[in-house]
Amino acid sequence: MNIHEYQGKQLLKSYGLPVADGVAILKASDAEAAAKSLPGPLYVVKSQIHAGGRGKGKFKELGPDAKGGVRLAKSVADVVANVNEMFGNTLVTKQTGPAGKQVNRLYIEDGADIERELYLSILVDRTVGRVAFVVSTEGGMDIEAVAHDTPEKIITVAIDPQTGVTDKDVAALSKALKLDGAAAEDARTIFPTLYKAFVEKDMSLLEVNPLIVMKNGRIRVLDAKVSFDGNAEFRHPELAELRDLSEEDEKEIEASKYDLAYVALDGNIGCMVNGAGLAMATMDIIKLYGAEPANFLDVGGGASKEKVTAAFKIITADPAVKGILVNIFGGIMRCDVIAEGVIAAVKEVGLKVPLVVRLEGTNVELGKKIINESGLNVISADDLDDAAKKIVKAVKG
Ligand code: ADP
Ligand code: MG
């Protein structure tokens, strides 16, 4: 689960970390009161969407010459003018895709006197099996470009879970970020505290880009991108209220209700598969034959008829789907259950696009019989290759 910058900052603030004062607003008319509650005279108006690159982003409605999604303002009136221009419009950034995201929340923040912009993130480094800090002196800009052009400027420090962040780790991080004086002093509490927040809240990513050194030498968290590990959700009922459903794909929300592993994609062939490995292979082979999958969907091992029905409905409800491929290898999952689920779903929602079904494994004969006797217009396939060819042909033809 992802949250907004202002929510991430509130969370970090509760750990005593240095973040600026700020007020989030959900309607433009709250801008003046929000700005007046801050010290001024410098303010920043920040679009709250679940995507980065907002500063360099562009509003669709305002044309290429308008300012981006993060704006400096020099007075309360300037804040209000910017809020009125930005609110409700669609921000397109490197991370939103061309469709962009509508800005329905803005964060009015105290402006900082920036001396240096640094990059810091904490993530799970799978190569060493540890939580690691990734830092760079080249913060504020496109970290992907830094990684590509000057990888030596990105430094990783993995943390031993038994000790947590040691003095040695702090020294290594401070050296990498060229911190001295008050900033180095701040770092001694900031790095261990960021780590503590990451671990306690079961985050999968905590990205602060930029972490800044201010003109007075002190450190501040200026941006915060926080993702939580969905598998640990049950341990954090306190985080549930931070979820912003308007930022999530409707089909993915529906799928999560049924515990289906579903990811919406850009193609037009809907896939219903059991097992993540088979789902990946199915997507690959669809691509091999020149088409694109509309989704990743793993119905899981012992899915019930209800779950299969729900999965099928989610696929058919997607207007981009021009054909469906059901590819099941029945191990724990029985082919007859899949067949019944598909038929139940089709009876409920109808079937307007070609459907190719490939069944193999436990109760395959019964599964095929159920489908054949259903009177549905199903194209059956013998193996994965055959199935992919048939659905691509049906969609393209
Ligand atoms: P994004 O990464 O989505 O573009 P950021 O929050 O990193 O958004 O803001 C982009 C840039 O705007 C920062 O790199 C920084 O230069 C400037 N900025 C952001 N917040 C403030 C602030 N409170 N005071 C001064 N400058 C800011
Ligand atoms: Mg940023």
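Note: Cβ is positioned from N, Cα and C throughout, glycine not excepted.
Taken from TrEMBL, the feature domain 'ATP-grasp' applies to 9-254. For K46, G53, R54, G55, E109, A112, E117, the entry in TrEMBL reads ATP binding site. What TrEMBL records for N209, D223 is Mg(2+) binding site. Summarising the annotation, TrEMBL assigns substrate binding site to N274, G331, I332, M333.
By the criterion of other Cβ atoms within 10 Å of the residue's own Cβ, the least surrounded of the binding-site residues N209, N274 is N209. Listed in sequence order, the binding-site residues among N274, G331, I332, M333 whose CB lies under 6 angstroms from an atom of ligand 1 come out as none at all. A count of other CB atoms within 10 A of each Cβ picks out M333 as the most crowded of the binding-site residues A112, I332, M333. Each of the binding-site residues G53, G55, G331 was scored by the other Cβ atoms within 10 Å of its Cβ; the lowest score goes to G331. In this structure, the binding-site residues under consideration are E109, E117, D223, and the one with the smallest number of other Cβ atoms within 10 Å of its Cβ is E117. Within the same chain, residues at least six positions away from K46 (ATP binding site) with a Cβ under 8 Å of its Cβ are E5, Y6, R54, G69, V70, R71, L106, Y107, I108, E109. N209 are the binding-site residues among K46, A112, E117, N209, I332 whose C-beta comes within less than 6 Å of an atom of ligand 2, given in sequence order. Taken residue by residue with DSSP, E109 (ATP binding site) is part of a strand.
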